[in-house]
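Down below is the structure, laid out as structure tokens.
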């Protein structure tokens with residue numbers, strides 16, 4: 001038997017294996033580079049195909065409008081798109097307007113608005129075919145009404161991209177429950193609208209369809225994540241739209257774009273067929289809700305959706321029809337209120353909007369009681385942020401890293417892509433200097449075990465009961481508080497999660513909440529903003545000041561909140577705020 005020669009083995013390795021090893025490494029590197037090049041090419045092709053589909057649909061819509069105008073020489077869209085929803089539905093029901101004229105009127109206006117604001121992801125040309133199938137008996141509360149829907153609403157044959165490449169080329173095989181019910185109520189979904197990349201952001205830009213602009217100021221964001229809806233409705237291209245809200249995603253774009261928006265109690269409307277980048281997350285619930293020009297339109301939409309078709313198609317939804325009696329009530333209310341939540345110092349216009357609205361409501365005979373969110377600092381980080389990112393952000397990150405990144409989100413992958421122990425260490429190091437930023441960074445680490453997740457869910461339930469107990473102790477019917485505003489300058493939303501404290505709280509609590517625009521930013525507001533110091537004196541306070549500066553003339557709103565399942569009470573309060581504000585403006589003119 002030949003003896004084992006270690007020296008010869010080393011020599012053999014040097015002579016024979018080293019070149020083979022080097023060749024293998026080089027070959028592997030070459031293969032990786034080729035794979036990466038082909039993957040990038042595949043991603044770019046996906047994006048280009050999505051843009052081609054959008055552009056083709058816009059071109060088809062323009063051609064359809066032109067054909068209709070040629071066939072109807074007296075057609076004038078401006079008189080139609082200027083109607084309120086109640087006026088429009090009345091004319092459709094009595095036959096003085098036909099659904100085809102209404103659809104093409106809004107298509108024409110939408111094409112104009114989209115050229116300026118880039119708020120659509122695809123025109124739904126099936127809407128033209130739907131006209132032929134419209135029930136001649138004019139059934140449905142939304143008969144003949146064109147409706148815009150957020151990009152993540154399932155519509156058969158179309159992608160729900162959520163602004164990420166990983167969800168492209170996956171068209172829905174059937175309509176979502178919401179879309180099905182809208183059609184049964186006679187509505188005509190005609191466009192999908194833009195969203196931020198991954199949906200968990202309150203800007204509205206992504207690498208597929210680009211940045212959506214604010215209808216009041218093209219240098220400002222429309223807000224998000226239902227930002228395409230906010231821009232389109234605020235610009236006059238849609239009379240009614242549907243969005244989703246997990247941290248303010250209906251309310252923020254509504255406030256930024258000068259319209260009304262409503263987040264119902266979660267599970268009041270079906271979420272079946274609605275896509276997301278954090279499917280399975282249950283700590284902070286997402287809601288589907290309407291956006292429109294006025295509160296009555298929101299209420300009409302809720303009346304239409306809360307029907308037997310909804311309850312049959314999704315039996316998990318409580319069969320609670322819209323309570324018209326509560327909505328029409330005029331009894332005096334006992335109203336809780338606050339100007340600041342103690343976590344984010346409001347901009348001057350935010351605080352002024354609450355003060356002025358409070359004065360109007362007091363003069364109308366309502367009573368006010370000071371109310372303050374309980375333990376918001378810890379709740380925002382430990383329950384809301386850790387809940388939404390319970391997996392440490394891994395699921396969201398998996399979608400973001402699958403393609404190019406929107407400029408607004410440059411900081412998210414850096415954070416979410418870092419190992420949790422790095423985030424915890426950085427959080428510990430910066431805590432003495434910037435405790436709020438430290439707590440937020442720690443919150444992104446999520447939850448480490450199933451037991452910890454269960455404890456977190458139990459803590460959320462306990463907190464909800466604690467807030468309800470405080471609500472009962474103060475004996476309030478409703479709550480008036482600030483909503484984020486005015487509209488931000490570009491690229492600040494992704495760097496300021498702290499600004500979401502005014503909205504995310506009511507997703508965590510699962511309280512219905514809506515916004516009504518009551519004012520506009522004044523020169524005095526802007527002058528006061530220059531003296532803004534913030535609540536914590538950290539970099540986020542300075543960033544917030546920079547984000548909202550230059551806002552003179554932009555809309556300012558207030559937020560209205562009610563207890564769970566009292567959605568009609570919230571809408572009733574919103575309508576009264578809207579009416580008193582309109583009456584006050586009219587009085588000032590005269």
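Backbone N, Cα and C atoms are what each Cβ position is placed from, and that goes for glycine too.
Looking at the stretches 20-37, 38-55, the one that TrEMBL records under the feature transmembrane segment is 20-37. The separation of residue 150 (active site, charge relay system) from residue 249 (active site, acyl-ester intermediate), Cα to Cα, is 11 Å. Each residue contributes its Cα atom, and for residue 225 (active site, charge relay system) and residue 150 (active site, charge relay system) these two points are 9 Å apart.
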